[in-house]
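Visitor: The structure follows.
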Amino acid sequence: MDNSKDDLICIGFEGTAEKSGVGIITSKGEVLFNKTIIYTPPVQGIHPREAADHHAETFVKLLKEALNEVPLEKIDLVSFSLGPGLGPSLRVTATTARALSLSINKPIIGVNHCIGHVEIGKLTTDAVDPLTLYVSGGNTQVLAYTGKKYRVIGETLDIAIGNCLDQFARHCNLPHPGGVYVEKFAKDGNKFIKLPYTVKGMDLSLSGLLTSAMKKYDSKERIEDVCYSLQETSFSMLTEITERALAHTNKAEVMLVGGVAANNRLKEMLKVMCEEQNVDFYVPEKQFCGDNGAMIAWLGILQYLNGKRMDLKDTKPISNYRSDMVEVNWIHDESKNLNDGNIKSRKIPKHLIGKGAEADISKGRYLEFESITKERVKKGYRILKLDELIRTRRTVKEARFLAAVKECGIHAPSIYDIDKENKKIIMGYIHGKIAKDEIEEGNIEFCKSLGETIGKMHGSGIVHNDLTTSNFIISKNPYIIDFGLGKYSDLIEDKAIDLIVLKKSIMSIHYDKFDLVWNKIIDGYKTYELAESVLECIKEVEKRARYL
């Protein structure tokens, strides 16, 4: 490559699943060509081998079209999607890129498909340091850049949202891709059907929701009403975990990317949530939402210009290539640390002492006691029936579990009053700092006591379901708060997922202290008699994660 050129040109090949994409882009961010062809199976469902055959045919056609726009001799770099994705599709894509690289004697770079979505979004919008919700057929993740990596703060624990919608559509004999038809039918729905709503901290589960929606359809509910209810429930869950991640990271921007980002209802929900949280919202234009070659080409340029090089022997596809496996070499501004003050962060209204994903927190007095009032405010993005159900249920649940853990000898705020109608809890004010702030200031000795507290809670058959460093107050002892998602369970896997949620929350903003903090927490947790079984289960749950 001629490194003296002012404007380098890269061609990118995207082929991780059923979409073949070729894009050409310059190092100044000018898109010269971008076209995607989707494989539509003759029968329902995508067969990996047939998708690979589709790539083999369409890459030739797309390449000819691309080179009619940009002569071959102007190409300086070849980029392709290294993963994650379907093995056969990835292999055809890599082979195509290698063949072109060898034939024109130009360097080649394999890139992460997921991060390609994020970077093309940043290029084509005004987003600088966003919290990103990435939603597609094979991926559902909440991502944030910190410490030279895009950290996975939240994700699906089973199936991706796009797959959920497609499977439901197939069950109803609707064509592929099913999400388009679900959105179309949902517009004519007028009856909300209660479906499972499963959020665990900043993670979510969609398999139970899918099964229930299928059963509702089979029971002769109108398809319009089932689609409406499926979409409202699943998208509310997606918006909620994004809002939870926003409250934990204090980012000032949210960006929506991926194929499901084309859904207008999801965009509307996220826009409303961002307005309520007073942060900026971005979504790329439609051609850059779904899988496309331009995003692969752009990420290839970013990596190459910042020193990334690849030999052909290093271009073997990685089907489980997670976003957080990539060392980010193209972002050099370390002011993206949350506490530096050199980049925008979410602002808390002055009349509040805290604003979480669910509630506004204000300080006052109850009789002669210092107190706080926690009000679960209405969420404009959720339909009224669902919003009322969730806020009422969680208000009551939180009060019950705060009382329950205190009976188990665990430190928690005292409940003074509950206003179920207005979704308010008045509780004792705890003098101290949240664990997140203590850790950021370098104080970590208390972390062992966090583990002991969690172990005692699990030993009492209580699972928090939203363990983050934002949900502990450090006073003379650690106080645990925010039990809106809590439940009783003796299942080892439920306790393992509780710790996984905490683990990801620590990695998302305390990455530079992660080993020290996590090891101390685990040391304390081992006082729980079933700790080893839970820790072993964590490994099993993390290994089986399919959607990357």
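Using the three backbone atoms N, Cα and C, a Cβ is placed for every residue, glycine included.
Here the structure is a predicted model, which means the values were calculated and not measured.
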Visitor: Select one of ASP126, ASP166: the residue that Swiss-Prot places in the L-threonylcarbamoyladenylate site alongside TYR134, VAL135, SER136, GLY137, GLY138, GLY179, GLU183, ASN263.
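Guide: For L-threonylcarbamoyladenylate, Swiss-Prot names TYR134, VAL135, SER136, GLY137, GLY138, GLY179, GLU183, ASN263; of ASP126, ASP166, the listed one is ASP166.
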Visitor: ILE353, GLY354, LYS355, GLY356, ALA357, GLU358, ALA359, ASP360, ILE361 bind ATP according to Swiss-Prot; which of LYS374, LYS378, LYS379 goes with them?
Guide: LYS374
Visitor: Please state which member of ASP291, ASP311, ASP314, ASP324 Swiss-Prot lists alongside HIS113, HIS117, TYR134 for binding Fe cation.
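Guide: Between ASP291, ASP311, ASP314, ASP324, Swiss-Prot records just one in the Fe cation site with HIS113, HIS117, TYR134, namely ASP291.
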Visitor: Give me the Cα-Cα distance between ILE353 (ATP binding site) and HIS113 (Fe cation binding site), rounded to a whole Å.
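Guide: Approximately 40 Å lies between the Cα of ILE353 (ATP binding site) and that of HIS113 (Fe cation binding site).
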Visitor: Under 8 Å Cβ-Cβ from ILE361 (ATP binding site), six or more apart in the same chain: what's there?
Guide: LEU352, ILE353, GLY354, LYS355, ILE372, THR373, LYS374
Visitor: I'm trying to understand the geometry here, so how far is the Cα atom of GLY179 (L-threonylcarbamoyladenylate binding site) from the Cα atom of ASP291 (Fe cation binding site), in Å to the nearest whole number?
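Guide: Rounded to a whole number, the Cα-Cα distance is 15 Å.
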Visitor: Determine which residues of the same chain, besides HIS113, HIS117, TYR134, ASP291, have their CB within 8 A of the center of the CB atoms at the recorded Fe cation site, and list them by sequence.
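Guide: For the Fe cation site the neighbour list reads THR16, CYS114, GLY116, VAL118, SER136, ASN139, VAL257, GLY258, GLY259, MET295.
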Visitor: Of the residues named as ATP binders, ILE353, GLY354, LYS355, GLY356, ALA357, GLU358, ALA359, ASP360, ILE361, LYS374, how far apart in Å are the Cα atoms of the most distant pair?
Guide: 14
